[in-house]
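Per Swiss-Prot, the features are:
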- 24-44: transmembrane segment (TRANSMEM)
- 64-84: transmembrane segment (TRANSMEM)
- 113-133: transmembrane segment (TRANSMEM)
- 151-171: transmembrane segment (TRANSMEM)
- 182-202: transmembrane segment (TRANSMEM)
- 225-245: transmembrane segment (TRANSMEM)
- 261-281: transmembrane segment (TRANSMEM)
- 290-310: transmembrane segment (TRANSMEM)
- 351-371: transmembrane segment (TRANSMEM)
- 381-401: transmembrane segment (TRANSMEM)
- 409-429: transmembrane segment (TRANSMEM)
- 433-453: transmembrane segment (TRANSMEM)
Amino acid sequence: MNDTIQATDAAHAHSTHQHSMRALAIAAIGVVFGDIGTSPLYALKEAFSPAHGIPLTESSILGVISLLFWAIILVVGIKYLLFVMRADNNGEGGVLALMALSLRPLDPKTRVAGALMALGIFGACMFYGDAVITPAISVMSAVEGLEIATPHLSHLVLPITIVILIALFWIQRHGTALVGKLFGPIMVVWFIVIAALGVYHIARVPGIIAAINPYYAASFMADHLLQAYVVLGSVVLVLTGAEALYADMGHFGAKPIRLAAYGLVMPSLVLNYFGQGALLIQNPKAIENPFFLLAPEWGLLPLVVLSTVATVIASQAVISGAYSLTSQAIQLGYVPRMKVLHTSELAIGQIYVPVVNWLLLFVILCIVIGFKSSDNLAAAYGIAVTATMVITTVLACVVMVKVWNWNRLLVGAIIAVFLAIDLGFFGANLLKVAQGGWLPLGIGALLFFLLMTWYKGRHIVKERTAADGIPLEPFLQGLLAHPPHRVSGTAIYLTGNDKLVPVSLLHNLKHNKVLHERTIFLTFVTRDIPYVRDDTRLSSRDAGGGLYIVKAQYGFNETPDVKAVLEEFGRSHDMTFELMDTSFFLARETVVPTHLPGMSIWRERVFAWMHQNAAKPTDFFSIPANRVVELGTKIEI
């Protein structure tokens, strides 16, 4: 009897696990695969762009389709799904998480560590270059279906694109949790539809299946040489969004993403690209828009609507990714503090960063108006994607050798293959710098300069503060030996270093000559892991006389919460805290550029400007503004 019950329980648990896995896989399809899933809208069309000079013969069509097929198999199916996704930082993926993981076994003062950090930051910056192009090219290419369905409405493509994008960014502040539940099912329908369209045309021209043979890809490269290499820059468009598989791993887990990729996404993409190839063999004039011309005439308008919805979902995933990446960068100290709002009480990862939102919209609208069509924008797209792919491969190599201790020869062989592919794609896209590739490169370079300036500037400020600082615990012992006047209430001193006396305390003692009965020195520390367990978050030292030194540790995917820290500290010390009865003392630092060693004076001025415009601690830590006492201090750098 017991064996029967245990078997039933085990079967129920297995069934529940399978159901949960399927639910996560469907949710992942709605978030992770939007970008790569909408690539069929423009990838093959761009590969046969008239500028490339590739004739629309059967052999060249087979060659390009073969290149697309093997790019998906090697880069998505093998590199990302099998290798890169193994390199998780406590379950979290993405270029910054991978960078933090690769730096863990290294001495941070070495040149290698510095180079890897710079690589990781540059990869993050290139993501923003991608984030401004994805919504523009995706939505525009979907709306351009109107030119095929109803040619007399072609003049409305640009205005409709602009309205959709403004609406998309406008709703961000309200959160997308409600409509987000529909993303997965809608994208499942999208992948089934594009697969069905592909199968219909493959059945009419079954010879297209021969493109599975890599001989056709190699033959195409050999026959067309430089032209074929230029085409590689368009082939990479089938891989846009591949990095999202890794970056969103923390939200869904590796298994559901692999299940969705191998079970639905990759087969659907391959079938659709082969279907487009079959259509072109049958009717070369269909190169005008091979994706939409897959559909029968009666299905054109519904396909335009479905495509537009799918591209909005793809854009939403990129926008959410930009918020998450910004939040990570703030916690890791690469970006100034910004106001981060949580839009869902249930989903901790759903955040909204107003500054990022409106900057993205402004740049995207400028791009749409400036480039005017998805064809013009396609040249700008690949370079950000391929640069991030190269950086991910290099960082993954370090993790394989230094963290996993894999055999160096084995790692060398694996990485040589992946780097050859990545660098081939990156080199092909460098040829398109003048046609639009300058855009993501320029955005990435500007952001890289700003992030490195901020990181270096904060490092200099910490050095100056530490050089002039007073050790905290000996100071407190001396203070208690000759105490100033004690006043009732609680004072919280927020400080960046739990070993040094906060400047705000020195100013308070100097000007007000009082010390609160209960005084807490609170320091927030960001670890190189995404999340910190609640039972290990807080550490505290009782300095006596009602003085406490508290350190709160957070992961780079978490937002520091002063209220939660005080509640947890209160529970462990049998105290109660009321935010409205607590005074928070902060040092308001004014950075003064000087000719002291550190950075060039103009970079110091840029840093000072960034420092001045960073979000106030009251906004960032959600502290009631009327409970804060800010005491000014100047720091020369």
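Keep in mind that glycine also has a Cβ here, set from the backbone N, Cα and C atoms.
Within the same chain, the transmembrane segment (225-245) packs against the transmembrane segment (64-84): three or more Cβ pairs sit under 8 Å, each pair at least 6 residues apart. Residues of the same chain lying 6 or more positions beyond the ends of the transmembrane segment (182-202) and with a Cβ under 8 Å from any Cβ of it are 26-31, 33-34, 37, 40, 208-209, 264-265, 267-276, 278-279, 282, 294-295, 303, 306, 309-310, 313, 316. For the transmembrane segment (24-44), same-chain residues at least 6 beyond its ends with a Cβ under 8 Å from one of its own Cβ atoms are 64-65, 68, 76, 134, 137-138, 141-142, 180, 182-188, 190-191, 194, 234-235, 237-242, 244-245, 248, 251-253, 256-257, 259-261, 263-265, 268-269, 272-273, 276-277, 280, 290-291, 307, 310-311, 313-318, 320, 374-375, 378.
By the Cβ criterion (under 8 Å, sequence separation of 6 or more), the transmembrane segment (381-401) is in contact with the transmembrane segment (433-453), since 3+ such pairs are found. Long-range contacts of the transmembrane segment (64-84) within its own chain (CB-CB distance under 8 A, at least 6 residues past either end) are made by residues 36, 43-44, 47-48, 54, 93, 208, 211-217, 220-221, 231-232, 235-236, 238-239, 242-243, 245-246, 257-258, 261-262, 266, 269-270, 273-274, 276-277, 389, 392-393, 396, 414, 418, 421. Contact between the transmembrane segment (113-133) and the transmembrane segment (433-453) is supported: at least 3 Cβ pairs lie under 8 Å, counting only residues 6 or more apart in sequence. With a threshold of 8 Å between CB atoms, the same-chain residues lying at least 6 positions outside the transmembrane segment (433-453) that come near it are 51, 118, 121-122, 124-126, 128-130, 132-133, 329, 334-335, 363, 367, 371, 376-384, 387, 599, 603, 606-607, 610.
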